[in-house]
Each structure stands twice: as C-alpha cells, then as structure tokens.
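This report concerns only the one structure given below.
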Protein chains: 2
Amino acid sequence: MKIHNFSSGPSILPKEVLQKASEAVVNFNNSGLSLIEISHRDPAFVEVLNAARSLTLELLDLKDKGYSVLFLQGGASMEFVRIATNLLNKKAGYINTGNWANNAQMEASFIGEVQEIASSKDRNYSYIPKSIHIPQDLDYVHITSNNTIYGTQYSEFPTVDVPLVCDMSSDLFSRVLDFSKFDLIYACAQKNAGTSGVNLVVIKNDILGKIEREIPNIMNYSKHIEKESMYNTPAVFSVYVSYLTLNWIKDKGGIAAMERRNRAKAHLMYSEIDRNSLFYGTAQQQDRSIMNAVFYLNEPRLTTLFDDWCIKNSIYGIKGHRTVGGYRASMYNALPIESVQHLVGVMQHFEESI
Amino acid sequence: MKIHNFSSGPSILPKEVLQKASEAVVNFNNSGLSLIEISHRDPAFVEVLNAARSLTLELLDLKDKGYSVLFLQGGASMEFVRIATNLLNKKAGYINTGNWANNAQMEASFIGEVQEIASSKDRNYSYIPKSIHIPQDLDYVHITSNNTIYGTQYSEFPTVDVPLVCDMSSDLFSRVLDFSKFDLIYACAQKNAGTSGVNLVVIKNDILGKIEREIPNIMNYSKHIEKESMYNTPAVFSVYVSYLTLNWIKDKGGIAAMERRNRAKAHLMYSEIDRNSLFYGTAQQQDRSIMNAVFYLNEPRLTTLFDDWCIKNSIYGIKGHRTVGGYRASMYNALPIESVQHLVGVMQHFEESI
C-alpha cells in the first residue's frame, strides 16, 4: 500500500531522485565505482557540485547578479552562528516568528549584540508581525520565511535598508519571490532541496568582508567562496541528492510550477481544516503557510482514535512538533496532490465515523 | 573489469555496505519509505544512530569508561574549531606532523593561544617527532595519528599529563590501540568509518565544562551529548553508512582483524616500493603509515607513462596529494589485499617494460 509522507523534514523526495541516488551508491555514472567512495575532487563529482550551485542561481533567477552559492555542512543551526560570525559587527536585528527564528537569534547572541525587533510570541507565533519599525543602526535584519512548527509564512517581506538575511529552510524553491531583495538566503536541504547533511547558502558577495573579527576558515564564507564550496570534503551524497532534486524542479517547470502545485495542495488542505467540524487551524488566515498546515482536534479525547485512523490509512509524519502537539501536514514540493486528497478523504471519513 | 580503488578519501567501502545503503535509499527496513525521507526522530533512525554510537564504544573497548560518542557535521575541519572552543582556556599544545595537523593548529589559533610543541616540517613531514618535551601549562595536547599526505603514522604516542586530543581521521578502526589513553578522539568518516558528511567524536566526559567561554549550542560538545547527538537534524544517510561500516568491522572480527589485514597489505606494498628500482618511498621506515603508502618515481619523466599504465590497469585514486605530487596507495580497511597484489604486479610489469 502506498504511504503518504507528510513528514516535516527530512521529508518526501521525488521517486526519480530516490531511484537515481540509490543507483549512484552502487554505480555512479556507470563508472563501476560508488558515488560515495570516489574522491570529492574527481571531475565527475566536481561537475555535480558546480552544476548544483549554478542551478540554484538559475532557479532563483539570481544569475549574474553578484551572488555565490555554497553547499556547507552543519545544518541551518550552523548557519545561525556562521551568519553572525561573518556579518555581525555592532548589532543585528532579529524577527522572532517561532522556535527556529528564536534559535537563530539565541545562537547569534553568543557572537555579538542582537535586538529582537519584532515578535509574534505574544499569540504563540500564530501570525507574522507586520509594519515593523526597523532601526537604522543594524548590521543586518534576520527573518525566517516559513515557520514549520506553527504553520505561518511571510507573504510580504519587510523593506529594509540594511542586508536582509533569510532562513528559507522550509520554503526555498516552493514559490516565486524576488530573491534579489535578499542579501543572504540559507536553507537546510531536507525539505525542498534534498536530504539532510547539507545546507545551501546563497550570498550577495558585496556584503562580506566588512567585519573586523578574525574568523576561522571553516566559519568564513569568503574562504568557502574562494574555494568554490570545496574548502573541505563536502557531504558528497547529500550534495548529489540536492543536485538531483534541483534538476527535478527544473524539469517540472521550475519554481513557478512548484508554486502552482503547492498552492493547489494548500487550498485543498485548509479548505478541509476549515470545513471539518472536528478540526481547527491555529495560524492566522492571511499568514498560513503553503508548506505546513498545522491543525488540532477540537476534542483532544479523539487523539488516539485519529492517530490510529491515520496509521491504518498509511499516513506518515502527520503529528505536530513535540513542543506544540496537534497535527501538521507538510506539503513540500515532492508531495503529490493525491496525498493531500487522500488525507482530506481520511479526515472526512473520520468525521463521519464519530 | 574490476576497479581497484586506492582513493585517499572519500575511499573504498565494503560492497555489502554499498548494497545495503543503496537499498535503504529506496526502501528502508521494508518500510516502503526511503531512509532519507523519514523523520530523523523516527524510532527506526534513532535506533541506527544509537547503535552506531554504542558500536563505536564497543569496537574501541571504551564501554563504561566515561566516554560519549557523537556523530556531528562539518568535517574534521569543524572539529578543529570545536575542540579549541570547548577545551582551550589559556594555551594548547599542537604537534605539527603535516598539513592537517597544521590546519588544526591554525584554526585553533583563532580561538586562543596555541603552541607548536614539536614539528617534523624541517624534513618535509617525513617522520614523527619523538621524545617531545611537553610543557606543564597546557589545556590539552593535540596530535594527528596518521598523516595521509606524507604517509606517516604514530606507532607510539606521547605520554602527557593533560588531556590528549587526537585526530584519527585516517586510521581510526584500523589498528588496536589503548584508546583509553586519549581524552578526545575524532575522525571524519570518509576513510574507515563510512562516507563524507559526518564526523565521529569520542569524548571523555570529564574533560568538558572547564571553560569560561560562552559557547553557541551547535559548537558545544556538552549540548550535543545532552541531546544524544540529535541537537539538530543529523546527516541521516552518512550516519547510516557509518552504522553499516561499523557493523561490517565487527562482523569481520573487529579492529584486531582489520589490523592483521592492514599490516599484511602494508607489508606487501612497502616491500615492492623498496624492491622496485623505479620507485622510492619518502616516509622514515619506522614511521610508515599502514594506511597510506606514499612513493615517487626516481625518474619524473616516467610520470605520464606510469599514470597511463595505472589507468589501463583499472587503478583508481593512486595520485599523490596535489601539494606533494607522486603517488599514494591508500589501503583502508575495505581495500582487499587482492588490490594491493594487483598494484604490486602492475608496478613490477611497469619496471620490466622500461
């Protein structure tokens, strides 16, 4: 029976990507060697890495606009520190829209002064702050475009006069934006850009080199750019999965096509949450994420029953984050609309059965 | 035709490991889902991570001796910084036996004061310094047990009164040592412990928590230990390949069995380097690495000829590091002795052909 994978990340990947990645582990490019046992400086792998970097710029429409792309290691959590290390001189502004935004700010606070310039914590992160006053004296402003745990997402971004840094871990490549408005975009790969083990970092080159701090090479974006993302051995397999995933996005029509599919899925999902008498959503309507729909049972006593109902119906990864409970349907690029239709059907039948 | 893989890393892995890893990418544990699209908090993956951590202690004979095992990201290069961040209060001592040892020291120097307490740079890193005077006022001493680029390896380790930190990236799990003499052992996985994307760190718990510096969570060993190596999303696939590789080592008889095989391969290889009139080795005999045999042609004009000869004979990854040239036969655990026999035969035929 087909399993419907709503995992929040690591999350569903296209079947073609999994098939090719699996083949490469035993025989890469018909070389007779595995992808994971060849040198990372083998031309065949260097080509993969460079193609993935180039494809990232192409998909984001950032070619020839002064940006560099890196595939680094350590998760978005490592970028929390690396960003502050490379950009924070005097003070940075952070907008707190949830757990990960808060972590980004907390890790940066070990490096320098940070100011929380807006927060939606007052209503349990159920909305995106609007009309934010941005102080003039900031080295950069940091935001988190999509908040997986609470199911909120920016639809409009604040206008700032300083570099805008954005954690797009859970919605990069899912919708068309004017990416040139951002000076640094980063994302762990395990949502829409591959699997865990690698982080994409897209940096406008001219924001670097303005810091007085001495930076260890491995933490230094300029060093990684100089070495073309090969300062040390990359996470070869994870980079390859990103490469395959980016190619899949391109083959399917690029980000615009992804967005159309994602909006259709989200519409279907939220319509059912709003219609179904057993469930309710928590995110403010206009700030609802098209990636992660978070919802709860009106009657918590039905929890075990609905959990079992989901398992019986081959629904995987639907439980909410352990800090907030409830349910979360993650609908990343690779999730087919059929899986959302299936879940909606399951919710309808559950309602009828009660 | 079978390819003989002498790559210095990422390097050869057991066929069984590659086969199982490949299968898991399409169907993990017959779950109908891929290993790389399930949550890292799925019990099936948590079990893999915990088994890999436990197996590491078992193979190193460090169970119940106060050590913790972490599978982190960023490569050994990230540990260069993390080690200094967690352990360097006033001054640390580094022994410089090559490029990587030197990098470890250089990266630590961004964090605090480092002292080079010995070096073999005077003779191009062709030996391991002996009878080193260790100052009393060091927070720790850092050494690199095996130097892939120069083909040298410690056979005896310095006795120190302060924590001994060892980069075993290229020889962990290859020979039996009294690992309890070390307070922190670390290694990138892509030699004997899996593929790139993950670093093993084995820490004696009681050396931590003695630093005044405030440490970002992602850089903090204590935080990673508290979260059982799951502070953030691990490099799931790379951890799984380590898990499979560690199981393979255990199934084949553990580290003692690996060492017997490795010594037989190294003996064969060095005997040919010493015998063959066309080649010479550079590492001092008593410090020769059983992992990486580095050798050169007496007559550089034969280089292209020998390179072609190797390619024709399906020998992969034999070129020396780009900074030193020549040749390097890496003979990690997974390399069968037949590959060394093959290479020796190729060298003999080459000699006859000249």
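The count begins at 1 with the first shown residue.
Glycine residues also receive a Cβ, built from the backbone N, Cα and C atoms like all the rest.
Now, the feature entries from TrEMBL:
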DOMAIN    A:3-343  domain 'Aminotransferase class V'
BINDING   A:Ser8, A:Arg41  L-glutamate binding site
BINDING   A:Ala76, A:Ser77, A:Trp100, A:Thr148, A:Asp167, A:Gln190, A:Asn232, A:Thr233  pyridoxal 5'-phosphate binding site
MOD_RES   A:Lys191  N6-(pyridoxal phosphate)lysine
Filtered recorded positions - A:Ser8, A:Trp100, A:Thr148, A:Gln190, A:Lys191, A:Thr233 - keeping only those with Cβ under 8 Å from chain B: A:Ser8, A:Gln190, A:Thr233
Site of maximum Cβ density within 10 Å, from recorded positions A:Arg41, A:Lys191: A:Lys191
Nearest of the binding-site residues (A:Ser8, A:Arg41, A:Thr148, A:Asp167, A:Thr233) to the residue listed as 'N6-(pyridoxal phosphate)lysine', judged by Cα-Cα distance: A:Ser8
Count of other CB atoms lying within 10 Å of the CB belonging to A:Ser77 (pyridoxal 5'-phosphate binding site): 23
Number of Cβ atoms other than its own within 10 Å, given for A:Asp167 (pyridoxal 5'-phosphate binding site): 27
Candidate with the highest Cβ count within 10 Å, taken from the binding-site residues A:Ser8, A:Thr148, A:Gln190, A:Asn232, A:Thr233: A:Gln190
Whole-number Å value of the largest CA-CA distance among A:Ala76, A:Ser77, A:Trp100, A:Thr148, A:Asp167, A:Gln190, A:Asn232, A:Thr233, listed as pyridoxal 5'-phosphate-binding: 31
Cα-to-Cα gap, A:Asp167 (pyridoxal 5'-phosphate binding site) vs A:Ser8 (L-glutamate binding site), nearest whole Å: 16
Distance check against A:Ser8 (L-glutamate binding site) for the binding-site residues A:Thr148, A:Gln190, A:Thr233, keeping those with Cα within 10 Å: A:Thr148, A:Gln190
Binding-site residues compared (A:Ala76, A:Trp100) - the one with the fewest other Cβ atoms within 10 Å: A:Trp100
